[in-house]
Amino acid sequence: MGDAGMQPTVSTSENLSPQDSLFSMTDVFLISLITGLFTYWFFFRKKKEEVPELPKIQPVTSPERDSSFIEKMKKTGRNIVVFYGSQTGTAEEFANRLSKDAHRYGLRGMAADPEEYDLSDLSRLSEIDKSLAVFCMATYGEGDPTDNAQDFYDWLQETDADLSGLRFAVFGLGNKTYEHFNAMGKYVDKRLQELGAQRIFELGLGDDDGNLEEDFITWREQFWPAVCEHFGVEATGEESSIRQYELVVHTDMNMSKVYTGEMGRLKSYENQKPPFDAKNPFLASVTMNRKLNEGGERHLMHLELDISDSKIRYESGDHVAVYPANDSSLVNQIGEILHTDLDTIMSLNNLDEESNKKHPFPCPTSYRTALTYYLDITNPPRTNVLYELAQYATDTGEQEQLRKMASSAAEGKALYLSWVVEARRNILAILQDMPSLQPPIDHLCELLPRLQARYYSIASSSKVHPNAIHICAVTVEYETKTGRLNKGVATNWLKNMVPDENRSKSLVPMYVRKSQFRLPFKPSTPVIMIGPGTGIAPFIGFIQERAWLKQQGKDVGETVLYYGCRHEHEDYLYREELARFHQDGLLTQLNVAFSRDQAEKVYVQHLLRKNKENVWKLVNEGNAHIYVCGDARNMARDVQNTFYEIVAEFGNMSQPQAVDYVKKLMTKGRYSLDVWS
């Protein structure tokens, strides 16, 4: 049995002699020994080589706390930090002005983007002597924080931090035509106090529907005396012009290193890389640009942007942000008045080397590029710009007028309101009307605010148009009190975007901003859409999507539209498309108000009243979702008041109860607004 068990081994080596077998085993042993020694040597050698490299790796494991504004303030000797929640740049501008003010009182300030710092460090601000946190907070949309303040808002909601050592003040930027006026400013002010922080000056509430600049100046002129009293300091003297940036002219610059309009990364327009956002917009080709209205003085247009290969995704109700360019004739006129070679390549470098903001706009670049793509040259300049410019007026009368308009005196405020704001004088008009005013163009570029993206409600559904985004817009054009013709920057720029074969001249820098303006989760839920004028834009997307869902076999609820325009045969937008949707039963009701086709004006709210019983049935029994898009100042308010009336009448409620009912619809997401003023 034992022999039998060895048979396979014997048979495989039956041709070998005993000497041969012994040699093979020795050979195997030697080879194993050599292999083991080599392996040991190899790993031993590897370890010895890696030892000197360890110190190089160590710094990566313990990086400096770049997100700590406290460490930065200590390092740079600052004691006032001004955080800004800004969507259009105004709050950031106010924050910069307040931080610059601080030097007048022997203090040092810095403006800070809350998105770049860890705001939980607010509890440590008391480590710095005479420290103060100021918050310039804009409210966006329906009481929401701005994009850059979202994380701060979330932190405030969740934290139970002890902020008892924090001294603070808040200035809010809002618009009274909106339902939730200055909601963000009010919330930050209230929440900081709840967490134990000490308010050293009352909450400021700026109203952009009135005169936001005057609101800010009025608050600011009372804020600083309160700071002085609290810290026991005094103003060191008169306001003085302090440059924040220094000019560097490049005479021999490699043009491949010069910005030509990019928002972030150099050459990002030549070498496009997703994801696309505010700092990295996608260059979309305009594939269609057609006039929507049949007559009248206005120009209403429908544009289609090609987003193929961009990986951009959007939902019906989202907004598309567009970066426009200023009119080249305005840019050229500024260059001529200031006797400047606009093609000079330059950089404006921050004199504060510790600042996160190295330049006011992408540099190096040319003056022409800066004035075309980066700077706002069409809006009336704010008072701080006038104050800084005054020193360059050689005529004493013009200099005094500029200083007076920049002052906090009642007479100066009234003059600024009438001569600049109401007359809609932009920087070019001011230079033209004050011939002795000759500021250096680099200082002017430092003072002018950034040109902001313009937002449009997307007029398409990604279910139907996955590779395109549609825009519906009206060109802005009006005559000012001085007889000048002012044109809207973006709409007139878009108007001239004519599709061409190579598409090189019709590229639009854009990105998508998500919205809360959403169709109901269940397609069977009825929807009531109210959108006169270009307010119809998101509803074109909504109707397209509901039609697509129906084609997919889904049970789609009633789709009701209330639309309004001036004249049936003049500015009835998307007339053919809406008629086709209605005829096919995809649009259950098409109610159109032509406001000026009869002696008595008829608006969408009148049609709502006319159909009030049906409206109430849809809302009360059908749990319909209500959507309002368009003008916030009049239309949205009038429509909301109409719903109060309908609810009070058919719900047998008092006026306060009806108001509460509609407010609850808003809270539940059943009454949504996408409005502008």
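Placed from the backbone N, Cα and C atoms, the Cβ positions cover glycine too.
What TrEMBL says about this protein:
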type	residues	note
BINDING	86-91, 138-141, 173-182, Asp208	FMN binding site
BINDING	Arg298, Thr534, Ser595, Arg596, Lys601, Val602, Tyr603, Val604, Gln605, Asp638	NADP(+) binding site
BINDING	Arg424, Arg454, Tyr455, Tyr456, Ser457, Cys472, Ala473, Val474, Tyr478, Gly488, Val489, Ala490, Thr491, Trp676	FAD binding site
DOMAIN	80-224	domain 'Flavodoxin-like'
DOMAIN	279-520	domain 'FAD-binding FR-type'
TRANSMEM	22-43	transmembrane segment
* To do: Sorry to bug you, but what's the C-alpha spacing from Thr491 (FAD binding site) to Ser86 (FMN binding site), rounded to the closest Å?
  => 23
* Provide the number of Cβ atoms within 10 Å of the Cβ of Tyr603 (NADP(+) binding site), excluding the reference atom itself. => 18
* Asked: For the binding-site residues Ser86, Asn175, Ser457, Ser595, Gln605, which one has its C-beta crowded by the most other C-beta atoms within 10 angstroms?
  -> Ser457
* Asked: Over the residue list Arg298, Thr534, Ser595, Arg596, Lys601, Val602, Tyr603, Val604, Gln605, Asp638, recorded for NADP(+), what is the maximum interresidue Cα distance in Å?
  -> 24
* Asked: Rounded to an integer, what is the Cα-Cα distance in Å between Val489 (FAD binding site) and Gly89 (FMN binding site)?
  -> 16
* Asked: Given the binding-site residues Gly89, Gly141, Asn175, Ser595, which one's Cα is the least distant from that of Ser457 (FAD binding site)?
  -> Gly141
* Asked: Are there any residues in the same chain, six or more apart in sequence, whose C-beta is under 8 angstroms from the C-beta of Tyr478 (FAD binding site), and if so which?
  -> Leu485, Asn486
* To do: Mind giving me a neighbour count for Ala473 (FAD binding site)? Other Cβ atoms within 10 Å of its Cβ, every protein chain shown.
  => 23
* Secondary structure composition of the domain 'Flavodoxin-like' (80-224) [DSSP: H/G/I, E/B, coil] -> 65 helix, 35 strand, 45 coil
* Asked: Which is it, of Tyr178, Phe181, Tyr455: the one of these binding-site residues whose Cβ has the most other Cβ atoms within 10 Å?
  -> Tyr178
* **Cβ neighbours of Ala138 (FMN binding site) where a neighbour is any other Cβ within 10 Å** => 28
* In angstrom units, rounded to an integer, how far apart are the Cα atoms of Tyr455 (FAD binding site) and Tyr178 (FMN binding site)? -> 17
* Maximum Cα-Cα separation (Å), residues Arg424, Arg454, Tyr455, Tyr456, Ser457, Cys472, Ala473, Val474, Tyr478, Gly488, Val489, Ala490, Thr491, Trp676 listed as binding FAD -> 26
* Asked: Nearest to Ser595 (NADP(+) binding site) by Cα distance: which of the binding-site residues Ala138, Gly141, Arg424, Ala473, Thr491 is it?
  -> Ala473
* To do: Just name the winner among Arg298, Arg424, Lys601 (the binding-site residues) by count of other CB atoms within 10 A of its CB.
  => Arg424
